[in-house]
Every structure is written in C-alpha cells, then in structure tokens.
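Visitor: Mind having a look at this structure? Questions to follow.
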Amino acid sequence: MKSRFAPSPTGCLHIGGARTALFAWVWAKKQHGKFVLRIEDTDLERSNQASVDAILQGMNWLGLDYDEGPFYQTDRFNRYKQVVRQLLDEKKAYYCECSKERLQILHEDLIKQGKKVRYDGCCRDKNLNDGVVRFNNPEDGLVIFNDVIKGQISINNKELDDLIIVRSDGTPTYNLTVVVDDHDMQIDCVIRGDDHINNTPKQINLYQALGWHLPEFAHLPMILSSDGARLSKRHDAVSIMTYRDAGFLPEALLNYLARLGWSYGDQEIFSMDEIVKLFELKSINKAPASFNQDKLLWLNQKIIKNSSVENLLNNLTWHLQNQAITITNAPNIEAVVQYLQNRCKTLVDMAGEVKMFYQDFDTFDEKLAKRYLKDKTPLKHLFAKLEALRIWKANNIKQAVKEVCFELNISFGKVGQPFRLALSGNGNAGSIDIVAELVGKNKALSRLKMAIDS
C-alpha cells in the first residue's frame, strides 16, 4: 500500500503542506506500506531548486522520512508524451488551435448568457496536428466517487471542460502528470488538500480513458488562520522552518498538525507511535480547522517538560550555535537542560537561559541593579557564608540564604532577589539555589563579588 506527498517547489514547506505530508506518512505507516515523495516541478517558470531544498529540509526536520523518491516530474516528460500520444491516437484527446482572443470572447459570451465558462469543443473534430492538447472529456453521464473524508461526490460531465493536458510550449499540465504519476507509482490513496477536489472528477475521467485502476481519494479540510482566512503561504509564520527557528520541537509541531482536523477523544498529546496506531482518515472532520499559535506554544511547553534530556539536547544544539553559545565542561549541560525544561516554553528561551551558566558578563540590568543592589549588606553576609561552604549543594546554598535572612531580620526576597541578579545579570535565574549549584562555587562567588563591588 502506498501514499504520496507531492509538493510543488515554488516556496517553502508550509503548515498546510506539512499536515498533508504527515497524514500521508501516517497512513502509509499504519498500512505497513510505503510513503513516496514526488516533486511536481512542471511549472518551469516558478519552480526552483531553493524551494526543493526547503521542502526537503522541512521534511527532514519533522522526521517524515520517505521510502521512495524524491521523484521529479521534469525527469518524466518522455513518459507523459507517451501517454498523450496514446490519448491522441485513441481520439481521447485532440489538438486545439484556438487563440487567446477567441477564448476570451467565448468566456465573456458565456458569462453574459449566465452559463458555466467552459470550452465549446470548437477544435474537437478538426483533426489538427499542432497546438495545445485537450482531453476529450465525456459530454454525458456523471462522475461519482467516494471521498474517504467528504463522502460521496457527484459531478455532471456537462460541468467539466475539455481541459488542456499539454501547453503550447509542449509541457504537460498538472491534471495529466498527477494521474500518470499516481498510476505508475502505484499510489493506493491520494491524500491532499480540498483545494484539489475540483480537479478530481477531471482526473477520474483521465483514469477511465486510460483504462487505469482508480486510487482512493481523501481531501483534507482547509486550515484557517486566527483571523478566519484560509491559511496560505502569504500568512506570516507558516513556513515549517520558521517554527524550528522560533524554538518549537518537531514532535510538538507534528502533534499539533495531527490535531488540525483529527482527534481521538479528549486526548491532547500523542507520541508518533500513538498517532500511527489511532489515526483513521475517515475520522478527519469535514469542517475547516483553525490554527491557534497559543495552543501550539502550550503544547510545545508540555512536550519540552516531558521530553528526554537527550532529545532536547539534540534539538537545542542548533539554537546554541545560532546564539553563539559555547558549552564548556562545567557545569554538566545535561543537568542544566534537565533544570530548564521545567521553565521554558521554547528552545529559544532555553538557549537564552543556558547562556548564564557558561558565559560571564560584566554588567547588570540597570533598572534591577538600582532596585536590588543599593544595599550590599545582604550580599556581603551571603558571600561569607557561601565561601565557607564545604559541600556546594542546592540545599546548603538555600540554607545559607535563610541564615542571612534570619541574622539580618529581613525577608527572603531581600537576599534572594539581589542574589538572583548577581547570578544571572538580568534577574532571570529561577531557583537560585539550583542555579548557584549548577553555576559552581567559584563562578557564583565571582559574580557575587562583582555585584558587591558594582
């Protein structure tokens, strides 16, 4: 059993495309089948290698590995010509010489008459030998198919056009190439966005004209943005790699994409194995799904919190390099990540907090310094107690802070806040006892002294 993902390389891998790829990938895994990647690059003017690279990068980051491909339609032009020749020889296609001007007049006349705009078959019986090639669509009968998601769909052939299958420059069009490719690649289930549903009856007629077995069709509901408009490449932050750059885990994005139109009870978080086990195409909603950035962020935070340190480190490395953060031998980076995973919503946040454990600073936040470093007495007392500690552990550090509070008869905050600022430079240090332990005694005392001397 095979499914496929067939993007056009005219831009990055975006949210809608990634969800289509995910559902096709999951379907293939569930069927113990194969997932095929095909690059539909017949639009020679708009297709480009940079977009191909972006699509492959996005799929690699998401972990959507393909079993076959990537196949490129531009490598298969001879095959398409062979099929077109067959259709021409069998009078199931014909050459058309109608000019753009004639077609424009026809278009305007049909609109004036309140009729559906479609080609009138002017060249159908002329037996021409040149021009664009049109498919000789049946004039009578119905095209009926059962969409796995949307149910039975019926279209009268009178509503369909004699579509162009070869352009004037000799390049094949989408509706021809997709039929030939899905047949040759033995695709059993065509999973794609519902913006393709109007093409399906045309493609079914092509299948039947060629005497080929029909695959199943499953058209996914559209994804709406927060303003209710259809999510598209023109909306901000829809590129998959934008989410990598913003610090989202790939499994968080995959989990969220799976829930855009599909659900299993009230369960919010799934492993990929669970998605494969529980997923059913027929369970996908027909109604559009809404993309909610806040929900994705919430999900990312949950998955960071429950992820393994090893997985977080694998994904964090890119962000550390991106922020020019060098990890030295001490403190142990695994221990730092284990502490931070309970605090951070994104890996960008985590990388920012990792910095204070490995990179020294020579200034303090000016506003916080005016507030917390006016009276150096608490820090001087704390420095003395911490310097005397023989065992540098969080519990002992916390106890030293409490002792200073007791001896000076001040609140915990009067010691804790200056200490937090001293450790981090910006006051964003979380649990000061744990941070101080991880930073290490020498570095913690050095930063305390700098705060006292400031």
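A Cβ is built for glycine as well, from the same backbone N, Cα and C atoms used for every other residue.
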Visitor: Of the ranges 7-17, 73-83, 370-380, which one does Swiss-Prot list as motif ''HIGH' region'?
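Guide: Matching range for motif ''HIGH' region': 7-17.
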Visitor: Can you say which of 230-234, 395-399, 425-429 is given as motif ''KMSKS' region' in Swiss-Prot?
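Guide: It is 230-234 that Swiss-Prot annotates as motif ''KMSKS' region'.
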Visitor: Counting only residues 6+ apart in the same chain, whose Cβ is under 8 Å from the Cβ of ASP125 (Zn(2+) binding site)?
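Guide: Once residues fewer than 6 apart are set aside, ASP125 (Zn(2+) binding site) is near TYR94.
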Visitor: Using CB atoms and a 10 A radius, I'd like the single residue among the binding-site residues CYS96, CYS98, CYS123 with the highest neighbour count.
Guide: CYS96
Visitor: Across the motif ''KMSKS' region' (230-234), what does the pLDDT come to on average, as a whole number?
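Guide: Average per-residue pLDDT within the motif ''KMSKS' region' (230-234): 67.
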Visitor: Counting each residue once, how many in the motif ''HIGH' region' (7-17) are helix, strand and coil under DSSP?
Guide: 3 helix, 1 strand, 7 coil
Visitor: Specify all same-chain residues, apart from the site residues CYS96, CYS98, CYS123, ASP125, whose Cβ lies within 8 angstroms of the center of the Cβ atoms of the Zn(2+) site, ordered by sequence.
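Guide: Apart from CYS96, CYS98, CYS123, ASP125, the close residues are TYR94, TYR95, GLU97, GLY121, CYS122, ARG124, LYS126, LEU128, GLY131, ARG134.
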